[in-house]
Amino acid sequence: MDGAAELVFCVNGRKVIEKNVDPETMLLPYLRKKLQLTGTKYGCGGGGCGACTVMISRYNPITKRIRHYPANACLLPICSLHGAAVTTVEGVGSTKARIHPVQERIAKCHGTQCGFCTPGMVMSIYTLLRNHPEPTLDQLTDALGGNLCRCTGYRPIIDACKTFCKTSGCCQSKENGVCCLDQGINELPEFEEGNKTSPKLFSEEEFLPLDPTQELIFPPELMIMAEKQPQRTRVFVGDRMTWISPVTLKELLEAKVKYPQAPIVMGNTSVGPEVKFKGAFHPVIISPDCIEELSVVNHADDGLTLGAGLSLAQVKEILAEVIQKLPEEKTQTYHALLKHLGTLAGCQIRNMASLGGHIVSRHLDSDLNPLLAVGNCTLNLLSKEGERQIPLNEQFLTKCPSADLKPGEILVSVNIPYSRKWEFVSAFRQAQRQQNALAIVNSGMRVFFGAGGGIIRELSIAYGGVGPTTICAKNSCQKLIGRPWNEEMLDAACRLILDEVSLPGWAPGGKVEFKRTLVISFFFKFYLKVSQILKTMDPVRYPGLADKYESALEDLHSRNHWGTSKYQDVDPKQLPQDPIGRPIMHLSGIKHTTGEAIYCDDMPVLDGELFLAFVTSSRAHAEIVSIDLSEALSLPGVVDIVTEEDLRGVNSFGLLGEPEKLLETQEVFCVGQLVCAVVADSEVQAKRAAKRVKIVYQDLEPVILTIEEAIRHHSFFHGERKLEYGNVDEAFKVVDQILEGEIHMGGQEHFYMETQSMLAVPKGEDQEMDVYVSSQFPKYIQDIVAATLKVPANKIMCHVKRVGGAFGGKVTKTGIMAAITAFAANKHGRPVRCILERGEDMLITGGRHPYLGKYKAGFMNDGRILALDVEHYCNGGATLDESLFVIEIGLLKVDNAYKFPNLRFRGWACRTNLPSNTALRGFGFPQSGLITENCITEVAAKCGLSPEKVRMMNMYKEIDQTPYKQEIDATNLTQCWKECMATSSYSLRKVAVEKFNSENYWKKKGLAMVPLKFPVGVLSTAAAQAAALVHIYLDGSVLVTHGGIEMGQGVHTKMIQVASRELRMPMSNVHLRGTSTETVPNANVSGGSVVADLNGLAVKDACQTLLKRLEPIISKNPKGTWKDWAQAAFDESISLSATGYFRGYESHMNWETGEGHPFEYFVFGAACSEVEIDCLTGAHKNIRTDIVMDIGHSINPALDVGQQVEVTCAGEWSGPVGRVI
């Protein structure tokens, strides 16, 4: 084989030539580090989130067609890109040239918050529009199926993208037989006079039109190269790996004979994750390129032959075309395959993964292999010895040597037979979500009745997800042959299948009972479906199903997303130039969509920069016997390994009282605890060395993982927290009934799209250091770094431009990692960067606290709850972190919207051997509220009343008092409840739901309505103070800085709106650079739904100070410009810079007396949701949700609709800000 000297491809229309390329290099780091195209983001590294989506374009010289498809750059080896054109978000549009309509619409429709996922969203939709300039809604939602968004939610993103579709303006689905926009059951009544609302957050008329003729063309040079350049095998040799790209079948076979153990890689969607996440290594990779025989599509008399090199997306398109052309009786298997191809992974993976790779990988949860196995498919193999065929059966799927590929053999194509008359094939799968999620259980089933008669002649059943590979119920099927298709057969089949497809209680992946249920439920659905078809084919011979069973046959497809929202219009008397209350686009929105918004790891590599990677504990509780660093230190590029010994005297720091160690080399208390840190010249070298650190452990007892185990071992942080009101014990004596219960809640990952990121830069003099970090709490970063380096805080400056999502997870652990990174930078006098991979991030950082709630309720028969005794336990993990604070907030909010005259609330934070759990959106309230709502629901059931009636009966009414004796005015709570009841047409829909449930046996609907009281505050005045700094420059422009962190909630945009109003100048005159301890010192953490409140008042204070100084100047020249006034003030020696300060809301809480004023005000709301569930599989969908929220006067409704927690001030009822239908 002749080795190719060069790798040639194009990026955004520019030719790239790489010599001596490393085959281990993926496209994502190449784009970000080599080409400095940082718009493409790292989100998960495994092709699961879509943040790294790019468009790949390839020219086929045989068909003369160009294929555009989305791909995950994190899984794409650059060696596979020879001759391809890559388009990144920078190539789509930019603020420096022109923005593309996709970018404009996502931004102006408010489809960005933190913006980290946005470039991937843009690329997915852009690629769709390159192929379908006027897509359907189904194509749109399918295109976004491989993209995750963690903070914006998909409604505004889909709203933006729907502007490219030809739609009727209707959700295209009628619930209860009536369109959501029709009057009547789904009517949206107007609000009372004086509460005028607006339904529009953007204006489509202003959008740039989509002009397909203006898109980047496929580079002609690549087209000529594909047409005329002699094709030959390309060989790329790296330090550890060799990449071979044969271009003919003959060369492919030669390579396979020479390297029989080398995997054949097409899309790298199987081998790539194994290398990245499981540590697999292949010294040789064989990657066929444009081999025609591997892309064959052959229509024969007995079926379809598809090349093994076809992508799953191409297979999907081919099957869809075949189904249109052939009679239904021939396409049963194709229909089933197409069903699974619509939900398998996301659009990006389907365009990268090959049919052959999917089959040969034989993953235990493969969606296609069970169907191909029951469909009697065969595999066409080729080797130097010639061709042969093997069946795709159970022996092949279990990798039985006699039925598998031999060394040197390759899979060329797959034969998929046509189905026959009286033959039926079905596909089933159940996953956590409909698309882009691995199946919990999937199945393929086929039955053949011969010439009719309803007697089983052939039966094949295969399951995935219930064993180490796909399992075929061959024995069960054999015993059922010859039996009629009736209920006796069904009963026998269920027993046989459960016996054969057995799942032990310890089966990997857990959910054993659920999986057993699915195994039978799938067959039952197959039985019903076939019975229904038989009845259609021969109504006389085959009895029909009862009407109430028919709903079991319908899949719960998520319909097209549709939502409407209304917000309170500004007062007509408000000046047009006053931006407060107006739906203004996030000021970074356009930069989010063009990839120009800079996040921590987007900062250019600095001269001499090092990279730091952590070594973490692999044991939950153990003594570290020894640590061997020698092998890691011997690797090239490794500069140092920081251990506890290096941090002697500075190895602990406490944020909330209890100090936490930075590194631990003696005794570890959880998996993921930081042990040491490798510092190397590059990320690859640091992470490679981290894996070579050898740690010997001695396991210790006890290992406490659950709340129940913590209770048994009395393992708690500090004592209990208690809140008591009234006389609970006496009240229990007079109630009609007493109910006791408990509820468990699991934890939740933050999964912020931007992983933990930091860059420490020594300044070279006076021990100064700049720390750039993705954090919610710069002051804490400053304090912990200063303490670790033994310098005053004034030598450490922490800078945060923006954060790619946080949700409470970028506070405590971020500080610890930043301190270690800064220590390494200080020690070596060089910049040090640390960016966690997704797996590391989820291992090291905790999440939402798992909860156990126990309650005892005393109530009257009419539903009034007179006594409530509640115990809360949260799983705090190995260190205190914010667990005690979470318990306190949970106790203070446990009453939710209800007045319980006698109550006792107690809470404990459990110390366990899990990574320390921490703050996550809601901060204890979601768990606490669910405990209370569960209790309410059970009380209602005991009383024979609807939960809504019991909720309404126990709600706060007008002026009242909370359990901690703070006054509350619940007038708006009642108003929100009534408004939600009306807008949701609750009463009518309740009747419709009950009717549906009585008529359907296997599908059920539920309708529930819940009130909300969300107290806003941070329990102390000191924690609520805020500061700002405002400069006016001589040209009349203004620079604002404040202590809040921009993490997607739009706080910077709101602060500019505040400055614009107070200074009475256009928003375009005001700029905000970011947050830094250099400009605003001692700022509190950004969280708790108060960032805009507190910092807005500080900005307001600064602006008013400036305006007061300038009043004499302005009064002398009222028609002047800001430039005139600034110059005049300067000439008169009047300061044009002012600090603003807000001392904090008066708040306090005394836990000894159980009394206080911990919150400044309360936010009220109500929500009504209708859901449907499949009782056989657990599949569910949300049909409609109505939300009415009182958020006072919104600074920016466009941002607040997305947040619904960012509150500006207490006060007037503002009507609903969100109604999702």
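Using the three backbone atoms N, Cα and C, a Cβ is placed for every residue, glycine included.
Quick caveat, the model's predicted, so the values are computed rather than measured.
Copied over from TrEMBL, here are the features:
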type	residues	note
BINDING	C44, C49, C52, C74	[2Fe-2S] cluster 1 binding site
BINDING	C114, C117, C149, C151	[2Fe-2S] cluster 2 binding site
BINDING	I264, V265, M266, G267, N268, T269, S270, V271, D367, L411, R429	FAD binding site
BINDING	Q776, F807, R921, G1088	Mo-molybdopterin binding site
BINDING	F923	substrate binding site
DOMAIN	5-92	domain '2Fe-2S ferredoxin-type'
DOMAIN	236-421	domain 'FAD-binding PCMH-type'
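Taking the mean position of the Cβ atoms of C114, C117, C149, C151 as the [2Fe-2S] cluster 2 site, the remaining same-chain residues with a Cβ inside 8 Å of that point are T112, Q113, G115, F116, T118, R150, T152, M753, G804, G805, G1048. In sequence order, C49 are the binding-site residues from C49, I264, S270, R429, Q776, F923 with a C-alpha within 10 Å of the C-alpha of C149 ([2Fe-2S] cluster 2 binding site). Among the binding-site residues C49, F807, G1088, the residue whose Cα lies closest in space to that of I264 (FAD binding site) is C49. Take the Cα of C74 ([2Fe-2S] cluster 1 binding site) and measure to each of the binding-site residues N268, S270, G1088: the nearest one is N268.
Relative to F807 (Mo-molybdopterin binding site), the binding-site residues C52, C117, M266, N268 all have Cα atoms farther than 10 Å away.
Largest CA to CA distance in the Mo-molybdopterin binding set (Q776, F807, R921, G1088): 13 Å, whole number.
Taking a C-beta cut-off of under 8 Å and a sequence gap of six or more, the residue listed as 'substrate binding site' has these contacts in its own chain: G808, F885, V886, I889, G1087, G1088. Annotation for C114 ([2Fe-2S] cluster 2 binding site): same-chain Cβ neighbours under 8 Å, separated by at least 6 residues, are R150, C151, T152, Y752, M753, E754, R802, V803, G804, G805, M1047, G1048. The Mo-molybdopterin site is set by Q776, F807, R921, G1088; from the centre of their CB atoms, other residues of the chain with a CB within 8 Å are A806, G808, G809, A919, L920, F923, M1047, S1086, G1087.
Highest Cβ count within 10 Å among the binding-site residues R429, R921: R429. S270 (FAD binding site) has a Cβ environment of 20 other Cβ atoms inside 10 Å. Looking only at other Cβ atoms within 10 Å, the busiest spot among the binding-site residues C49, C151, M266 turns out to be C49. Put simply, of the binding-site residues C44, C49, C52, Q776, the one whose Cα is nearest the Cα of R429 (FAD binding site) is C49. The binding residues for FAD are recorded as I264, V265, M266, G267, N268, T269, S270, V271, D367, L411, R429; their greatest pairwise CA distance is 28 Å.
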